[in-house]
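Novice: Dumping the structure here so I can ask a few things about it.
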Amino acid sequence: MASGAYRNGVHKGASAASNFKSSSFKSKHPPVAAPGSGLRRSSSASLGAASGSLKDDRGVPGRVRVAVRLRPRNAEELVADADFADCVELQPELKRLKLRKNNWDSDTYEFDEVLTEFASQKRVYEVVAKPVVESVLDGYNGTVMAYGQTGTGKTFTLGRLGEEDTSARGIMVRSMEDILADLSPETDSVSVSYLQLYMETIQDLLDPANDNIPIVEDPRTGDVSLPGATVVEVRDQQSFVELLRLGETHRIAANTKLNTESSRSHALLMVNVKRSVMGREAALSSEDDNSSHLVKPFKPLVRKGKLVVVDLAGSERIQKSGSEGHTLEEAKSINLSLSALGKCINALAENSAHVPVRDSKLTRLLRDSFGGTARTSLIVTIGPSPRHRGETASTILFGQRAMKVENMLKIKEEFDYKSLSRKLDIQLDKLIAENERQQKAFEEEVERITLEAQKRVSEVERNYADALEKERLKCQMEYMESVKQLEEKLVTNKKKCCNGEGPGVSGAEELAEVKKLLQNEIHLRKAAEEEVDYLKNRLGQFTQPEAGGNSEILKLRKSLEDEAHKKKKLEEEITILQSQLLQLTFEADRMRRCLERGGSGNAFTGLDSLMSQVGHLHLKDAGNGQRASIATLSEQVGLQKVLSLLESEDANVRIHAVKVVANLAAEEANQEKIVEAGGLSSLLMLLRRFEDETVRRVAAGAIANLAMNGKYSWVYQSLKGLGFLSFYSGIQSCVQYIYHFCVVTSFSDLAEANQELIMVEGGIGLLSMTAAEAEDPQTLRMVAGAIANLCGNDKLQMKLRSEGGIKALLGTVRCGHPDVLSQVARGIANFAKCESRASSQGTKTGGSFLIEDGALQWIVQNANNEASPIRRHIELALCHLAQHEVNAKDMISGGALWELVRISRDCSREDIRNLAHRTLTSSPTFRSELRRLRIEC
Ligand code: ADP
Ligand code: MG
């Protein structure tokens with residue numbers, strides 16, 4: 001029997017557990033045990049399970065695991081059952097339980113785990129609940145349920161808070177500890193609801209007012225939910241324990257109010273775990289082949305595992321507890337859910353076609369736990385008392401049946417569309433921002449490159465243009481040079497042609513010509529030789545009488561020398577006589593005046609002596625000492641008196657007096673006194689009145705001395721119209737005077753008038769003569785400078801030219817001194833300017849006098865002179881000349897065109913450059929010549 005019973009038990013147990021021989025409750029899970037193989041597994045492992053479940057809708061098999069726990073005898077049992085053995089005998093190592101039928105017979109049952117009265121709460125949790133909790137964390141639903149008679153330790157096993165003794169903590173507390181430890185607060189969440197089911201009514205243990213919560217089933221998935229039930233998010237263990245305590249308080253209160261015992265109601269703790277995991281790309285691409293590349297980096301999945309911990313009402317039959325005073329209907333209602341659960345488990349265990357899930361709220365709520373997709377662990381609690389043997393047996397059988405229930409575990413995993421969308425939004429924003437940034441950078445880069453390119457292009461263009469222009473100018477200059485040379489050759493050839501040496505004469509003719517010339521030469525030579533012979537003969541004839549002639553010549557020379565000596569002596573005597581005569585004249589004068597005034601002649605004693613001394617002096621030899629003595633004497637005699645002698649009737653007196661005054665005038669210290677005393681008037685008077693050459697010469701010298709001082713510009717004025725220069729010719733000081741007049745005093749507003757005066761007085765003739773004779777560069781400079789100034793006077797153009805001024809000016813260049821050349825260039829520029837002005841005003845017609853007088857050659861030669869003053873004047877002169885069409889042809893033939901072209905290009909002074917350019921382009925003759933020569937201007 002026993003064996004039969006055992007067989008029965010074994011049969012029942014073995015049939016359920018035949019596939020799972022392992023001693024470990026945990027390891028007896030089917031292959032899907034992978035999710036339960038450890039709390040902290042790599043995400044890839046869980047991922048694999050996840051993707052597998054996604055691909056396989058059927059899930060993986062997972063039988064309901066059942067453990068049995070024996071409560072130790074309580075105080076009452078220790079007393080009451082003291083004489084009796086326990087109704088069960090446990091063989092935990094064999095996972096077997098023997099239920100005594102009587103003293104000699106028992107039934108043996110095999111469970112997934114057999115937990116003795118000594119099993120710790122920790123061990124119970126680890127073998128019963130921990131694998132379920134791990135599955136929940138992996139995204140499966142899980143159920144831990146306690147079934148058993150009231151007082152056998154269901155609540156002890158599941159619900160103890162263990163606040164005072166942590167080792168007493170039950171499955172609920174320990175589950176939450178493990179869950180919280182495994183979640184990441186940033187991405188995961190856990191929330192709980194705590195409910196009580198009593199008489200088919202669901203009450204909210206977290207909110208007692210919420211006492212009739214409906215069950216809503218999703219018709220598509222079959223998932224049940226309890227809308228309206230309080231859901232509290234759990235952040236930490238402490239708050240969860242508080243929630244449990246609150247729920248327990250409310251449970252007691254509710255049962256009191258309903259006049260029930262907690263043992264008659266079912267308590268359900270629902271823990272929802274939501275975890276975010278990153279899915280594999282493969283999983284995503286297989287789901288949606290059209291998924292864009294954007295999706296690839298993000299494969300957010302959310303796993304929603306639900307753990308249900310069910311503390312069932314006591315499983316004892318209601319009849320037994322009739323003391324509670326319920327009616328039969330009530331009792332049926334109270335137990336409806338539990339019996340419906342039994343029925344369902346029976347149906348599932350027997351693989352019935354119909355499972356009456358909908359018969360009760362409990363079975364509806366637990367439909368996923370039995371025959372569903374959840375991993376389910378059932379702990380059946382039993383007491384040791386033989387008095388409750390029947391209830392214990394019933395509990396054991398319940399457990400045995402439950403072990404036959406096979407679930408199909410399915411991971412509760414879905415795409416986290418919200419998270420995906422949120423992440424995609426962020427990603428999109430980032431990409432847009434990045435794109436905008438790149439676009440902006442790209443545009444800036446394009447702009448920068450464009451600018452750079454433009455800059456480079458313009459630089460290259462500029463360089464190219466510059467190089468081109470340089471090359472063009474160089475070519476033109478070369479071209480000009482060669483054209484110039486060709487032109488010159490042409491002119492030379494033309495000249496040769498004119499002389500009959502042109503290229504038209506053939507070689508033979510030329511030879512004949514040469515021969516003819518040679519013949520002529522030979523004839524001429526012969527004639528010359530004959531002439532020489534003849535002359536030689538004649539010379540021989542003359543040689544004989546020459547000896548006598550020589551002595552006669554010597555005689556004549558000697559007598560000539562004697563004559564010269566005599567002449568000198570006579571001259572000296574004349575001088576002495578003249579001085580005596582002067583003295584006598586003075587005396588006669590004195591006598592006359594004395595007679596006229598009736599005074600004595602003694603006052604003239606000093607003057608007589610002065611005159612007698614002056615009479616012995618040669619003015620031009622007068623040294624400083626002599627001059628000083630003259631000055632002293634004149635002081636003694638009185639300047640006024642000396643000056644009065646200038647008007648003497650006696651020519652000799654006048655001569656001596658003028659010599660004295662001239663000597664005094666040579667000293668600057670005396671000049672003012674002489675002028676103040678009216679000496680100038682007296683000197684001028686001499687010039688006007690007397691014909692005597694010596695008097696005039698000496699007087700003119702004195703005036704020149706007086707005039708040399710710049711202070712006396714009025715002196716020049718007063719010389720106007722005096723014919724001063726005409727009788728002062730050939731004297732160096734005259735040139736100085738004119739130069740001074742023309743150049744030094746040119747600042748004066750009288751300059752122009754003075755220039756005219758010079759001209760009137762025949763200054764040009766003087767200057768020309770000096771220019772022709774002088775060798776000293778300074779003299780020539782003065783001559784050229786004076787003429788140059790006169791050249792700048794519009795009124796004097798004609799006269800200056802007609803009197804040979806231009807030629808005289810050009811004549812001075814022979815000395816080659818740069819100072820002289822500079823004056824010449826200035827004079828030419830001045831003249832050209834005046835001419836140009838006159839031509840423009842219509843007062844002059846015809847070509848330039850400068851060209852007519854042959855200045856062009858010198859101008860062209862010096863147009864590029866190294867000395868800049870010379871070059872500038874000539875450049876200006878060329879421009880002035882070129883402004884008048886009438887000069888154009890002469891300028892072209894004289895080679896001035898080349899210089900004008902050069903000036904228009906190379907002159908460092910922009911105004912002159914522009915003037916040359918304007919001049920060239922405005923002249924038709926120049927233009928056509930340039931066209932002919934193919935020269936661009
Ligand atoms: P149930 O919930 O099944 O009605 P309880 O959990 O309330 O039973 O337990 C009834 C009593 O038995 C409690 O006082 C409890 O402390 C005690 N008890 C239950 N199981 C054990 C156990 N394994 N060890 C010690 N005491 C237990
Ligand atoms: Mg209880």
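Heads up, the Cβ atoms here are built off N, Cα and C, so glycines get one too.
Under the heading ATP binding site, TrEMBL lists GLY148, GLN149, THR150, GLY151, THR152, GLY153, LYS154, THR155. Per TrEMBL, coiled coil is recorded for 421-470, 511-587. For 14-25, 36-53, the entry in TrEMBL reads compositional bias 'Low complexity'. According to TrEMBL, the feature domain 'Kinesin motor' maps to 63-405. The feature region 'Disordered' is assigned by TrEMBL to 1-58. According to TrEMBL, the repeat 'ARM' annotation covers 637-679, 678-709.
I would like each feature placed in context: is it buried or exposed, what are its neighbours, and how far apart are things?
Specialist: When secondary structure is read from DSSP and collapsed to three states, GLY153 (ATP binding site) falls in the coil class.
If you average pLDDT over the coiled coil (421-470) in this model, you get 92.
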Novice: In the same chain, outside GLY148, GLN149, THR150, GLY151, THR152, GLY153, LYS154, THR155, whose C-beta lies within 8 angstroms of the Cβ mean position for the ATP site?
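Specialist: Here the non-site neighbours turn out to be ARG71, ALA146, PHE156, SER263, GLY314, THR381, GLY383.
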Novice: Within the repeat 'ARM' (637-679), count helix residues (DSSP H, G, I), strand residues (E, B) and coil residues, in that order.
Specialist: 34 helix, 0 strand, 9 coil
Novice: Out of GLY148, GLY151, GLY153, give me whichever of these binding-site residues has the highest number of other Cβ atoms within 10 Å.
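Specialist: Output for this query is GLY148.
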Novice: Count, for each of the binding-site residues THR150, THR152, the other C-beta atoms lying within 10 angstroms of its own C-beta, and report the residue with the smallest count.
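Specialist: Across THR150, THR152, these binding-site residues, the one with fewest Cβ atoms within 10 Å is THR150.
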Novice: Tell me which binding-site residues (GLN149, GLY153, THR155) have a Cβ under 6 A from ligand 1; sequence order is fine.
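Specialist: The qualifying binding-site residues are GLY153, THR155.
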Novice: For ligand 2, which among the binding-site residues THR152, LYS154, THR155 have a CB under 6 Å from it?
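Specialist: Result: LYS154, THR155.
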Novice: Rank the binding-site residues GLN149, THR155 by the number of other Cβ atoms within 10 Å of each Cβ and report the first-ranked residue.
Specialist: GLN149
